[in-house]
Amino acid sequence: MNSDDAPGLGRRLLGGGKHSGQRPLTIRRLWALKDLVNKGEPTEDLDIPLAPWRKGTITFALALAGFMVGIDQSIIEPALPTIIAQFSSLHDIGAYTSAYLIPQCVLQPVCNRLYSICSFSSVYLSSVLLFILGSIVCAVSESSPSFICGRALSGLGAVGLSVGGFRMLALMPAEKEQNVSMGAFSLILGSSVVIGPIIGGAITQSHLGWHWLFWINLPIIGLVLLLVIGVTYTGGPDLRGEKYGLKFWEKLKLLDWLGTSLLALALVPLILALDFGQTYGWKNPRSVVMFAVFGVSLVLLLLHQRIAKEAIFERAILFNRSVWTTTGIFFCALSSVSVIILFLPFLFQVIKDLDPRTSGFLSFPLAGTLAISTFAFSIISTKIPYFNPLAICGTVIFLVSNVLFIAMKSNFSVAEVVGYEIVAGFGMGMAWLAEIIYPRAVLDKHQLATALGYSRMLQQIGAAVAVQISAVAFTTTLTHNLVGLSLTPDEVSSLKEGSGINSHLSPGAKVAVAKAYSKAIRIGLAPSLAWAGLALLFALALPWPRLNNSTNNSEHKNGRGSDNDNGSGVGDVALSVIVPSTETSSVKNDYSAVSGPERNLLVSRLSFDSLHMVDLYDENGRWTGVV
C-alpha cells in the first residue's frame, strides 16, 4: 500500500462513519485488516460476512462430518463377533479400533499446523477423500489385515475432519455463537461414538451384512464433499491459515516431522507389543523389542518437546492448568467409555444370546442419557457461579457406574446393564461442558481450537491404548477360563479363534462358556474402573474460575478483550502503543505494542463509533501502518 493513501484510512476502513450506510467494522475485522495492511499476508481472522445459507450449509457439513467421524469409531462394535468369526481373528479385536484411532492420535498436531499454512478447503477436502477411500477398503475387505489397513486410512481422513471442524467453528464472529457451536461439535463427536453401535447392530443383523457398515459412509460423506465444494467454489470465502504466506520450506519446518515420527514410534510399538504379548508371549523377543522401542521413543519425544522451537505441542497451552486438568478428565473418561462400549456387544450377544440389532439398540441409553444430561446441565451452568461441583459430581457418578459394571454377576439381567448405562451417561453429561468452559476462561479463540485439538488427540490416544489393554486382559483371561471347561478340543480352538461363539455348542456348554465370558469381561473392565478413578482426581484438581453469566460483561483472555458486537456492530477496544515519551495509552491490550527499531513513532489516534483506531507515523511524518 502506498503511504500517500494513508490519510483517512481509518475512516475508509470503518465505512465512512456512523451514517455511511456501510457495514460497521468489527473488532475481528480490525485485527485482520491490521495484518493485511502491515504485512500483506493472508489471514484466517478476517470476518467475511457470509450469507445465511452459506453459514448454515458449512455448519451443517461440519456437523455431519463430525458425526460420521464419531460413528465410524464405534459402528463396528456390534459386528465384532461376526467379523472375528469370519476372519478367525479374535487376537485382532483391539486392532480394529486402534487402527482407526492411532492415525488421529499421531497426526492431530500435524493436521492443526496444515490448517494454519494451507487453505481450509484443500486440507478439508483431502481429508474427506481419504475417509471415503478407507471406507471403500473396509467394505471390500476379505481378510483381517486389509480390514485393518482400511480402518487406518479412515483414521487419516477422520483427523482432518475433526480438526477442521474445530478450527472453522472457532472463527464464528460472535463469542456466544462460537461457544455454543464448538460445544455442540464436541458433543457430536463424543455422543456419536455411543450412537454408532445402534446403527451398526441394525445393519449387521439385516440382510445387507457388516460390509454395509462402510458402504453407507459414501453417500453421507459424499454429501459433505459436495456441500463444502459448493460453499467454497461458488463465490464463498477461501479461508487461508494465518501462516499461509510463508515459503514452502518454512512451512515444512513448522510441521515438526521429527516430533510426529517420535510420537508414532511411541504409540505404534506399544499397541504392537500388547498384541504380540498375547499372541507370542510376553517374554518373546518381538514383544520385548516393541516395548523397548516404545520406551526409548517416549523419552526422545519428551526431550524433543522440551528443546524444539516448533514442537508438536505448544507448551504455553498444554501446561495451562485449565487445559491439562480438563484434558486429563476426558482422556481418562473417554478411555473408560471406550472399554465399556467394547464389551457391551459381548454382554448382550454372547452371554444373553441377543441378535446384533437388539444389542445395538440396547447401547442407546448411554448415548441418549449423555446427550440429554449435557443439554440439561448446559442450561444449569448459566445459573450457577461455579462449574466445579458439576464436574466433580459427574465424575463421581461415572466412577460409581464402573463399579456397578464390574460387580455384575454372570446371571445379570438386560435391564441391569441398561440401568448402569444410564448412570454412566448421566455422570459424563454432567461433566461434559468442562472441556469447553475451563479452557475458554483463559484462552482466545484460536488457542481454544488448538487446546480442544490437543484434548481430542489425547482422548484418542487414551481410547486406543485403553481398548488394547482391556482386550489383552479379556482374551488372556478367556483363554485361561476356556481351558478348564468340559469342551472338546475343536470347540476350545473354535472359541479361541472367535468363530464358534454361540454356535455348534450344546446348551450346557453354552452356559459354561457364558460364565467364562462373564468373568473375562469383568477382568477386561477393571482398567475402565482405574481410568474413571483418575478422571475424578483430575476433576478435583480443576481451578475454580467464576462463571461469567452476565451478557453485559466482557471476558478477557490473555489480555485480549472478547467481541460483544455479535457481528453487527463495533465493540470497545483500547490498544496500547509504545511512544517516545514515557506516557502510553491506556493498557487494556498489549497485542499491538511496538518495540525494537520502531520505538520512535508518532501516534495519531482516531475514534469512530466507539472504536479506537491508531495510525502510525515515523519521525518524518510518513505513514507506516495502522493498528
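Every residue gets a Cβ built from N, Cα and C, even glycine.
Automatic prediction, not curation, is the source of TrEMBL annotations.
Pulled from TrEMBL, these are the features on record:
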- 58-551: domain 'Major facilitator superfamily (MFS) profile' (DOMAIN)
- 1-22: region 'Disordered' (REGION)
- 114-140: transmembrane segment (TRANSMEM)
- 152-174: transmembrane segment (TRANSMEM)
- 180-200: transmembrane segment (TRANSMEM)
- 212-234: transmembrane segment (TRANSMEM)
- 254-276: transmembrane segment (TRANSMEM)
- 288-308: transmembrane segment (TRANSMEM)
- 328-348: transmembrane segment (TRANSMEM)
- 360-380: transmembrane segment (TRANSMEM)
- 386-405: transmembrane segment (TRANSMEM)
- 417-438: transmembrane segment (TRANSMEM)
- 458-478: transmembrane segment (TRANSMEM)
- 523-544: transmembrane segment (TRANSMEM)
Per Cβ pairs under 8 Å, the stretch of 114-140, 254-276, 360-380, 417-438, 523-544 packing most closely against the transmembrane segment (386-405): 417-438
For the transmembrane segment (254-276), distant same-chain residues with Cβ under 8 A (at least six beyond the ends): 91-92, 94-95, 98, 102, 105-107, 109-110, 113-114, 116-117, 243, 246, 284, 286-287, 290-291, 293-294, 297-298, 300-301, 304-305, 308, 310-312, 461, 464-465, 468-469, 471-472
Predicted model, mean pLDDT over the domain 'Major facilitator superfamily (MFS) profile' (58-551): 80
